[in-house]
Amino acid sequence: MTVTEMSWRPQYRSSKFRNVYGKVASREHCFDGIPITKNVHDNHFCAVNARFLAIVTESAGGGSFLVIPLEQTGRIEPNYPKVCGHQGNVLDIKWNPFIENIIASCSEDTSVRIWEIPEGGLKRNMTEAVLELYGHSRRVGLVEWHPTTNNILFSAGYDYKVLIWNLDIGEPVKMIDCHTDVILCMSFNTDGSLLATTCKDKKLRVVEPRSGRVLQEASCKNHRVNRVVFLGSTKRLLTTGVSRWNTRQIALWDQEDLAMPLIEEEIDGLSGLLFPFYDADTHMLYLAGKGDGNIRYYEIGSEKPYLSYLMEFRSPAPQKGLGVMPKHGLDVSACEVFRFYKLITLKGLIEPISMIVPRRSETYQEDIYPMTPGTEPALTPDEWLSGVNRDPILMSLKEGYKKTSKIVFKAPVREKKSVVVNGIDLLENVPPRTENELLRMFFRQQDEIRRLKDELSQKDIRIRQLQLELKNLRNSPKNN
């Protein structure tokens with residue numbers, strides 16, 4: 001066969017993940033009857049680990065979320081106890097990666113709170129957090145735990161600041177102040193030495209978190225970035241966003257040169273946000289559309305074309321957000337490589353979706369389960385803050401996950417005072433309001449003016465009635 005005869009043949013890639021398929025849990029293994037929040041903030045409103053599922057709920061007067069033990073599937077009673085200490089809507093929740101009963105939440109009430117969930121879940125409403133963190137002057141939209149260091153938490157607020165909290169002392173120890181608008185997303189590289197952010201100012205940044213120094217910056221005019229994810233230790237980033245034609249788009253970047261994306265690819269013409277999820281163990285990327293029921297998945301390679309489309313999981317039920325099970329919580333006997341917890345608002349339903357590699361053998365599949373980051377931190381807060389970087393401590397999934405972390409959370413005792421970071425009192429230093437906030441204030445004031453006008457006109461009518469009654473009384477024959 002000549003070279004020319006061979007050249008037209010399509011190139012088939014052999015991949016062990018080519019036939020990965022999504023399997024939806026049966027109805028009795030879903031979580032039903034949950035009043036999922038109707039908040040339009042672009043977050044997942046869901047966090048999951050090997051023991052608990054947490055979901056932000058719709059609530060009047062303050063914010064709350066449910067924490068349900070994973071084995072407690074089925075219908076959840078309307079009076080099921082909640083975590084309900086916030087004074088405003090809860091905007092984000094994240095489980096501590098090293099202590100399974102510790103969860104962080106952030107809210108419109110400007111606070112970040114740390115909660116300790118009792119063994120076996122809640123028996124009554126929880127209103128007291130083990131730690132309340134005040135440092136933002138506006139609502140707080142995002143929280144992220146450091147991937148290798150215990151008790152280091154990042155929070156991003158509508159004051160355009162990222163605060164780094166050392167929970168050993170319960171104080172913010174660093175402030176990243178390079179953003180000029182609301183921060184949309186934060187993602188760490190494998191050892192947590194770099195932080196990537198997307199921002200409403202249409203910029204993608206790679207930041208050294210301890211110094212706050214911006215190492216790389218991309219001004220995304222053609223590709224309006226929404227979400228970013230570090231692709232493990234490949235020194236690449238992936239962003240999802242919108243093209244200039246308003247189509248959904250993904251872009252792949254070299255973290256050391258953000259001048260131009262390596263590739264840009266249009267996905268579809270739908271309008272909902274694309275949430276990216278990356279699995280460093282399998283090199284698979286999942287793209288889930290907010291407001292539709294699709295989850296596309298790809299394999300990421302080190303050479304062009306970098307992205308290889310595998311398949312698409314489709315469902316008619318739209319997803320509001322998705323929680324993701326950590327690797328050590330997966331069912332390795334079923335060859336499960338990823339698990340989503342899908343929020344279906346209209347049905348009040350949380351639906352687990354397992355991504356499965358079809359294999360005939362019952363034995364442990366070493367090739368699809370490499371050593372993976374475990375539940376032991378590699379660093380203490382002081383070590384990380386002093387400049388040390390360390391890769392995650394890896395664990396094998398071969399024996400099934402049994403080991404529980406020995407670390408317990410000890411809340412520091414402290415008194416309320418001013419919060420000074422980088423020489424600035426955070427509670428005094430308030431940035432200009434965003435356009436959305438000004439519009440909300442304007443509409444609130446308009447509503448208040450209308451209400452006062454209505455009250456005045458009611459009083460005016462009442463005065464006229466009283467004047468008429470008085471006049472009638474004076475003119476009555478009795479008074480004559």
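Placement of Cβ uses the backbone N, Cα and C atoms for every residue, glycine included.
All annotation found in TrEMBL is predicted automatically rather than curated by experts.
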Given 197-224, 365-392, 449-476, which one carries TrEMBL's coiled coil label? 449-476
The domain 'DUF1899' (10-74): mean pLDDT? 89
Using DSSP, what's the helix, strand and coil tally for the domain 'DUF1899' (10-74)? 3 helix, 24 strand, 38 coil
